[in-house]
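Visitor: So TrEMBL has the following annotated:
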BINDING   Lys127, Gln190, Gly222, Asp253, Lys396  UTP binding site
BINDING   His223  substrate binding site
Amino acid sequence: IFIFIQDFSKAMSQAGSSQFQEVIRQELEYSMKVELDKILATAHSNEIEHTKKDLEGFKKLFHRFLQEKGPSVDWGKIQRPPEDSIQPYEKIKARGLPDNIASVLNKLVVVKLNGGLGTSMGCKGPKSLIGVRNENTFLDLTVQQIEHLNKSYNTDVPLVLMNSFNTDDDTKKILQKYSHSRVKIYTFNQSRYPRINKETLLPIAKDVSYSGENTECWYPPGHGDIYASFYNSGLLDNLIAEGKEYIFVSNIDNLGATVDLYILNHLMNPPNGKRCEFVMEVTNKTRADVKGGTLTQYENKLRLVEIAQVPKAHVDEFKSVSKFKIFNTNNLWIALSAIKRLQEKNAIDMEIIVNPKTLDGGLNVIQLETAVGAAIKSFENSLGINVPRSRFLPVKTTSDLLLVMSNLYSLNAGSLTMSEKREFPTVPLVKLGSSFTKVQDYLRRFESIPDMLELDHLTVSGDVTFGKNVSLKGTVIIIANHGDRIDIPAGALLENKIVSGNLRILDH
């Protein structure tokens, strides 16, 4: 059996008979069950219930992983969505707002996906606690936005954070500082699933603990886990009992994802009288977004197609900006009653994302994940809304951080808006090299954030620092060769310049 398991993928491709494949599948499922039972047996009495739920959820996902083979979409069935299934935002905004917008707002809950760590930006702890603007963190800005809404309309819109086992403790400690703000804050935790060895397809964890050397054995299974975790936490039922009807879900690092009253009104008071259960905000692709998931029509349903699901032969077609013009911002509006109904019927269908990782010790593992937007096809009367690019302002890297810290944006009540002084509404393309990857290194290299109002493109590579009050305009490329250092002096104006290793400044 062990050899079978090790050569699982080879055996699967070579096996002539489906019967043989079925035997292998059953053996793998049985071996997995044995290992998971061993892990569960190590849980303390107060951990048993939620560990059991987590492992049951994982078992279902693993079962589906063994059943499914190859890309999960049949390319021939993909069609362009019907005209009315993706509405332009302008049309929705043109309807205006009713007088009773406060009563509509009181039916809303804001949910932020807060499971991620700041490791990609060289930070320990939750990403939401990284300072992004005037000492304010992602979480500070979110709370300020909702508080402003509640004060302006005298409403009670709560904030719900979906944490992971990685972010829960640190986030809860910080929440005390908002105890006097006018926002009720709730949290619930994502599931915790075991990583599996790529060769044996068995868990690498030997017990339930996830501290010390065991931290690498477990992972949060992607934001598609929101439906089950939200339901299992009991919070979903409590919010429905309070009269809440919709959640607005977004990534906590998307600073453009603020509550939009026009979209909310469209949901609560649909022009045709038929409410949508699921709305996905999409926006037009640029060259930077070619890998983003796109909305298509598939078997008479709106369906989110991600690059991982596309057969290799069609990847270039998928990336085409002319054929697939829009991508998913992961700003989603979902009816609470629909989540409850589908969750109770076990009817939420999301494609499995197989995420390969190499651990610090060199071990190859896989994580089975799902994405929240992939569930769109399980809901009734779904809709895409093509929103302005300003609603998609994610901060994934220090290059993004530079943009949101700069004078391109002004901050008002927790919301960033592009400065009116910028002549055109697109964001400059910024590429900072590896010396800027970690937030603390990045901050050290800027005495103050440059004036970027007239910048089109900035590339910085190597050991470069910026003095105070530098202005960057047009296209600026700064490249310090290995072993060299370039210090841009205070007050410098660089307009369409190339600055190279020996501090020669050339016109671009």
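The backbone N, Cα and C atoms fix where each Cβ goes, glycine too.
Curation does not apply to TrEMBL; its annotations are automatic.
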Visitor: Counting other CB atoms within 10 A of each CB, which of the binding-site residues His223, Lys396 comes out lowest?
Guide: Lys396
Visitor: Just to verify a number: CA distance, Lys127 (UTP binding site) to His223 (substrate binding site), in angstrom, no decimals.
Guide: 15
Visitor: Can you give me the Cα-Cα distance between Lys396 (UTP binding site) and His223 (substrate binding site) in Å, rounded to a whole number?
Guide: 16
Visitor: Using a 10 Å radius around each Cβ and counting other Cβ atoms from all shown chains, which of the binding-site residues Lys127, Gln190, Gly222, Asp253 yields the largest count?
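Guide: Its Cβ has the most other Cβ atoms within 10 Å: Gln190.
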Visitor: Hey, what's the widest CA-to-CA gap across Lys127, Gln190, Gly222, Asp253, Lys396, the UTP contacts in the record, in Å?
Guide: 21
Visitor: Please report how many Å separate the Cα atom of Gln190 (UTP binding site) from that of the residue listed as 'substrate binding site', as a whole number.
Guide: 8
